[in-house]
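Quick look at what Swiss-Prot annotates:
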type: DISULFID; residues: Cys73-Cys134; note: disulfide bond
type: DISULFID; residues: Cys85-Cys132; note: disulfide bond
type: DISULFID; residues: Cys178-Cys229; note: disulfide bond
type: DISULFID; residues: Cys262-Cys299; note: disulfide bond
type: DISULFID; residues: Cys266-Cys303; note: disulfide bond
type: DISULFID; residues: Cys277-Cys289; note: disulfide bond
type: DISULFID; residues: Cys318-Cys352; note: disulfide bond
type: DISULFID; residues: Cys322-Cys357; note: disulfide bond
type: DISULFID; residues: Cys330-Cys342; note: disulfide bond
type: DOMAIN; residues: 52-149; note: domain 'Ig-like'
type: DOMAIN; residues: 545-685; note: domain 'ZU5'
type: CARBOHYD; residues: Asn115; note: N-linked glycosylation site
type: CARBOHYD; residues: Asn226; note: N-linked glycosylation site
type: TOPO_DOM; residues: 404-956; note: topological domain 'Cytoplasmic'
type: TRANSMEM; residues: 383-403; note: transmembrane segment
Amino acid sequence: MGTGAADRSRGARWWLPWLGLCFWAAGAEAARGADSGEVLPDSIPSAPGTLPHFIEEPEDAYIIKSNPIALRCKARPAMQIFFKCNGEWVHQNEHVSEESLDESSGLKVREVFINVTRQQVEDFHGPEDYWCQCVAWSHLGTSKSRKASVRIAYLRKNFEQDPQGREVPIEGMIVLHCRPPEGVPAAEVEWLKNEEPIDSEQDENIDTRADHNLIIRQARLSDSGNYTCMAANIVAKRRSLSATVVVYVNGGWSSWTEWSACNVRCGRGWQKRSRTCTNPAPLNGGAFCEGMSVQKITCTALCPVDGSWEVWSEWSVCSPECEHLRIRECTAPPPRNGGKFCEGLSQESENCTDGLCILDKKPLHEIKPQRWSRRGIENASDIALYSGLGAAVVAVAVLVIGVTLYRRSHSDYGVDVIDSSALTGGFQTFNFKTVRQGNSLLLNPAMHPDLTVSRTYSGPICLQDPLDKELMTESSLFNPLSDIKVKVQSSFMVSLGVSERAEYHGKNHSGTFPHGNNRGFSTIHPRNKTPYIQNLSSLPTRTELRTTGVFGHLGGRLVMPNTGVSLLIPHGAIPEENSWEIYMSINQGEPSLQSDGSEVLLSPEVTCGPPDMLVTTPFALTIPHCADVSSEHWNIHLKKRTQQGKWEEVMSVEDESTSCYCLLDPFACHVLLDSFGTYALTGEPITDCAVKQLKVAVFGCMSCNSLDYNLRVYCVDNTPCAFQEVVSDERHQGGQLLEEPKLLHFKGNTFSLQISVLDIPPFLWRIKPFTACQEVPFSRVWSSNRQPLHCAFSLERYTPTTTQLSCKICIRQLKGHEQILQVQTSILESERETITFFAQEDSTFPAQTGPKAFKIPYSIRQRICATFDTPNAKGKDWQMLAQKNSINRNLSYFATQSSPSAVILNLWEARHQQDGDLDSLACALEEIGRTHTKLSNITEPQLDDTDFNYSRQNGL
């Protein structure tokens, strides 16, 4: 028994005798009641309503921290009220009593309370909790109250079980478990979503009553969020770790479209139908639809058969009208499947008596003879024939003289080219003779060249007329031609000169006229009112790479250095006596083409213009792309931006079209177009095996802190212009390329990309914990056409004396390919080896015009076109030329051109602008059997000094 209980016992001894006397009296009364057969009650019996009745009994209580608690009792009628705690009487001095009178009953009401301290509860070591009870006395008996327990309140800090994050499909069940910390009294649990309380009474879909767990019966998209379990009692509140719940939507296929028409009009082709992963579209990391988005089946279209005539029948018997006839039928073969009917007459008739026939129903012998003889008739016919021929000769002579005089009167200077090699072929020199004595090619005030240009010259000028000289070749490919005499009128600046200007990031390169002639083109006026150069009223104003050049009838090539983008204007695409300032730009800002669904941008947005310019033959636009086209896992489209800013599909690369042509190479797409505008390539992955080609590179630079060194790892689309943007950014930041960039194949399998720094030298360098590996989500890499994707790592030296850094950087796709970049460098610029940004810097002028822009000499090109544009019974025509140059599809496009061979050669020029591989073209011609001499065997000495100065660099 505790010390306090003993004190209470000694203090109560003075009233115990009196209490015993009362009990003796009550016992006597009880004995008398027992003799009368009544049951002994718990309290001493008395008259009804005379025993003490508790109006207020002590309640269970909790001690918070060190604050004592008060236990109260109130009873009537009561002479005394005492507390008994743990079976021991509480000392009278610890009681506080108050007495009052109940006005309604006139009975005395006594109220007593005591304080229980934390120390008293802690010192008690009984089999049960610390408890206290009230005992009330009246003159007739006693009454006892309920036992009230007293406990020390607390709440542990750590949850026994924190809720865990979940990823569930839509309409799935979510169960978040929570076991609150141990506490007295037991903690109440409340759930928070995004720091807001959850009221399960207002949402029937949520249940929070099941053993502190949170149950969401059918997950909705709005149920995604951060959930927290909150536990609280009278002592404190505790928060669990937040659990992130993601409700995702797996993609579902839409219905199949109708089967497309057969892609060929004749023969074996294919039909396709497609569906999109939009029913529903994947959301919040949901799985992409499984299966193919495009289905293809073969189809066979009946080829149209044109009708052909049978042989003529025998002549019929001479009719009374002195005519006989013959017929033929269109049955060899007859037209079928929409083929053309035979052209020409199905029957012929002619006189069958050589003019001797009955006239007006009269016999021949009754016709009166004419006055002249048969010989006279023949002489009259000869006179008429010779008279007609003489008149024709005179008319031709007058026409030739008139044309010659007209051309001379409209020309400031001219040359007569006498080609003596046309019979034999080959590269020969030319004899020039001037029309006027003393005429030179120098610009003088008396001359008025056919050109008006609104800006100064910026680039080289070729001072010879490429059309004044023809190159011939000794080859059996070409048929001998008769002697020709060509008179060429030249426009001094349009045909002989070029105006170029390259602009990058808005910087203009000023230029002057060559040979010290610092004069603007605006001082030179044309003879007529129509200006030859049509200047642009506006150019693209977005963030872009841009280059411009002036092109005339000779055509040329416009190149964006180190971007893979180029524009080929064929010879003759621009009408004579006209020139255009043509520009080309690459959008480096936010792409205006927003991808739909699974479609991704595979190339830069390339703009060429002016948009209102018309060409007479298709030009070739080369656009780089980053798709791996070695396997058929892509559906690639060419798109064009409209004037309203929207994008519309021009064609699919695999489709047949007569409006444009797309030739897809491993790293670039060559497009033949008739109109200028903004174009881009997009791709829709057909399967998860579709691959994008990424270029990975690492740059490094010192940090502001002299001990830190920063590494930046880039993963960008494998297009030269994308990497050029990275190079430009790094140059501004002072970064240096530490290892040659490498190629990474990134699959469309929805798995993320990991970038890790490995093998850092210990005791020399260190990297912050948990930062050596970074992960990039799949969607960020797959659609990385917004800004260059990169991860930054910060390395710290232990001492300033460390100047060498070696490590490995691993770039890998989960369940995909990986690349290792080996970094071995010095952080001091004086000791670092410079790695060039590009394997071959393009230092050529952005614009080239005339023959220098083309790999195939113009004369050879003309003869190839003349040879292969002519149909051949053995099939050795332009179709064979296309086949030998790996052009096997959409041949109907070339069939619609006026010169299919010229368009094929334009495509060859676009594909071989870097290598100028004339050997491949020569081999193709040899295989066809039309030539036995390779074009690449043409040597420099065969060219005259005044010719086009082709060099080996131009492919010859």
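Glycine too: its Cβ is placed from the backbone N, Cα and C atoms.
In sequence order, Lys193, Asn194, Glu195, Ser242, Ala243, Thr244, Val245 are the residues near Asn226 (N-linked glycosylation site), counting only same-chain partners six or more apart with C-beta under 8 A. The secondary structure of Cys277 (disulfide bond), as reduced to three states from DSSP, is coil rather than helix or strand.
The disulfide-bonded residues examined here are Cys132, Cys303; by Cβ neighbour count within 10 Å, the least packed of them is Cys303.
Cys322 (disulfide bond) is 48 Å away from Cys266 (disulfide bond) when you measure Cα to Cα. Taking each Cβ in turn and tallying the other Cβ atoms within 10 Å, the top scorer among the disulfide-bonded residues Cys266, Cys342 is Cys342. Mean pLDDT of the predicted structure over the topological domain 'Cytoplasmic' (404-956): 72.
Sorting the domain 'Ig-like' (52-149) by DSSP state (H, G, I as helix; E, B as strand; all else coil) yields 9 helix, 54 strand, 35 coil. With respect to their backbone Cα atoms, Cys262 (disulfide bond) and Cys229 (disulfide bond) stand 62 Å from each other. DSSP states for the domain 'ZU5' (545-685), grouped as helix (H, G, I), strand (E, B) and coil, give 0 helix, 72 strand, 69 coil. On the backbone, the CA of Cys330 (disulfide bond) and the CA of Cys303 (disulfide bond) stand 18 Å apart.
For the pair formed by Cys178 (disulfide bond) and Cys289 (disulfide bond), distance between Cα atoms is given as 35 Å, rounded to the nearest Å.
Considering other CB atoms within 10 Å as the measure, the emptiest surroundings among the disulfide-bonded residues Cys85, Cys229, Cys289, Cys318, Cys352 are those of Cys318. Taking all protein chains in view, 28 other C-beta atoms sit within 10 angstroms of the C-beta of Cys73 (disulfide bond).
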